[in-house]
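Peer 1: First, the structure itself, so that you have it in front of you.
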Amino acid sequence: MAPPPARVHLGAFLAVTPNPGSAASGTEAAAATPSKVWGSSAGRIEPRGGGRGALPTSMGQHGPSARARAGRAPGPRPAREASPRLRVHKTFKFVVVGVLLQVVPSSAATIKLHDQSIGTQQWEHSPLGELCPPGSHRSEHPGACNRCTEGVGYTNASNNLFACLPCTACKSDEEERSPCTTTRNTACQCKPGTFRNDNSAEMCRKCSRGCPRGMVKVKDCTPWSDIECVHKESGNGHNIWVILVVTLVVPLLLVAVLIVCCCIGSGCGGDPKCMDRVCFWRLGLLRGPGAEDNAHNEILSNADSLSTFVSEQQMESQEPADLTGVTVQSPGEAQCLLGPAEAEGSQRRRLLVPANGADPTETLMLFFDKFANIVPFDSWDQLMRQLDLTKNEIDVVRAGTAGPGDALYAMLMKWVNKTGRNASIHTLLDALERMEERHAREKIQDLLVDSGKFIYLEDGTGSAVSLE
C-alpha cells in the first residue's frame, strides 16, 4: 500500500510582493526576485520589467523598459522564473485532486463491503420471508434474527416478534423446577408441603395434615393436588375383594373350563364313571410326565384285571365268585379308559394290512398320486432319503418328470422298484415319524383306512379290525 502523500502547505509556493516603501531599487528588485511575483494588493501576478506585455506605469502608459528609455539597447531577456513555479503549483493541485478521487471511492467501497458482510451473516440466520426460529426474534434489519439472551428472554416457537418474551421469576411461595432458556420459560412449582390446583390458581395452599375421622389416605400431597382420602369401608375392603376375585376366582374358572373341554373330547359318551376317570387322568398330564406314565399304567392294569376277571367268569359260570374288594369294569368303560391313554401307542402297535388279502405293495401303489397333496413339498427329498434313495437317484427322477407335482409319485415308484417287497406302508409311516411329520402320517393312515383298502390288524391277536 502506497504511503499517504505528504502535506504541502500552499504558502510554500506563494511569493509575497515586496512592500512599496522598501529601499530596494527597481533594478535590485528585478535582480533579486523573479520577473513574475504575486501582487499584494491586486491578488494576481504582476510582471515587472519592460517588453511586450508590460504592465502600465504609474502614469498609466505602456512603454519600453527603463533601459530603453535610458537610450540603451535592450539586451537579452532574463530567464523567466515564474513559469516553472506556476507549473509546479498546478501539477500539485492535479495530484491532490487525483489522490482524493481515489481515496473517497475506495473508502466508500470498504464501507459497502463491510455492510454486505454483516448483511450476509444475518441472512444466513433467517432467510427473507421466513419466521425466526425458536430462541430468537426479528431484528430491525430485514431478514435478520437476533438470539434471545439466556435467562432473560425466550421464544418457544417460530415468530416475527421484535423482542423476546421476558422470563418469568418464581414467586416467593414457589421453587424453580427448571430454569429459563432461550426456548422455554421458567417452570415453577409450589414448595414441598403446599399445592396449587384449579381452585387456587394464583397462590399455593398448605397441604392437609391428615384425613378426617373414618377416612384413610390413599394419595399423598403433590405440588398440584392435596391429599386424597376415602372412607375405610370403600377403601381397603374394596381392594381386598378385588384381589381375591382376581387371584382365586379367575384361575378356578380356567380350570373348570379346561376340565369340561377334556371331558367332552374323551369319547366316553354319557358314562359318568368313564368321564370321571378320563378327566382325572388328563388332569394328571398337568403334573408332569411321571404322573402321565402312572395314570397310563393304572389304566393298563385295570384292563388286565378286567380280562382276567372275564375269563374266570366264563370258566366258573356255575360257581359263585367272591368279588369282595375287586373292582369290576364293563368292557365299554375299559375301552373308554384305554382310548385316550393309548391313542398314539395303539396306532404304533396296530398294523395296517390290505383288506381281503390283497397284495400290500400293489395296494399301496394305488395311493402314491394322492400322497403329493399330503406330504409337504419341502419334505419330499428328505422322505426319499429316509427311504434309502441317493441324491443322484432323486435328481435323475426329478429331471425326468414332466412337472413338479409328479416328482413324488416318480420317486415313490423308484423306491418300490429299488426295494421290491420291502416297500411297505409301515416303512413309509416310520420314515414320516422320524421326520416329525406326524400330521402327514396320520392323514395317510386315515386315507388308507377310509378307502376300505386297508384295515388295522391288532398286534398279537391276529384279528383284523376295520375302522370303516
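Cβ coordinates are placed from backbone N, Cα and C, and glycine is handled just like the others.
Values in this document were obtained by computation on a predicted structure and should not be read as measured data.
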Peer 1: Look at the disulfide annotations in Swiss-Prot and name the partner of CYS180 from this list: CYS164, CYS167, CYS170, CYS190.
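Peer 2: Cross-referencing Swiss-Prot, the cysteine bonded to CYS180 turns out to be CYS167.
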Peer 1: For the disulfide involving CYS132, grab the partner from CYS145, CYS148 as Swiss-Prot records it.
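Peer 2: Recorded partner, per Swiss-Prot: CYS145.
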Peer 1: Among the residues ARG52, ARG80, ARG196, which does Swiss-Prot list with the feature omega-N-methylarginine?
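Peer 2: In Swiss-Prot, ARG52 carries the omega-N-methylarginine label; others show none in the record.
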Peer 1: In Swiss-Prot, CYS204 is paired in a disulfide bond with which of CYS188, CYS190, CYS221?
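Peer 2: Cross-referencing Swiss-Prot, the cysteine bonded to CYS204 turns out to be CYS190.
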Peer 1: Say a student had to find the phosphoserine annotation in Swiss-Prot: which of SER40, SER200, SER307, SER424 would be the correct pick?
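Peer 2: Comparing SER40, SER200, SER307, SER424 with the record, Swiss-Prot tags SER424 as phosphoserine.
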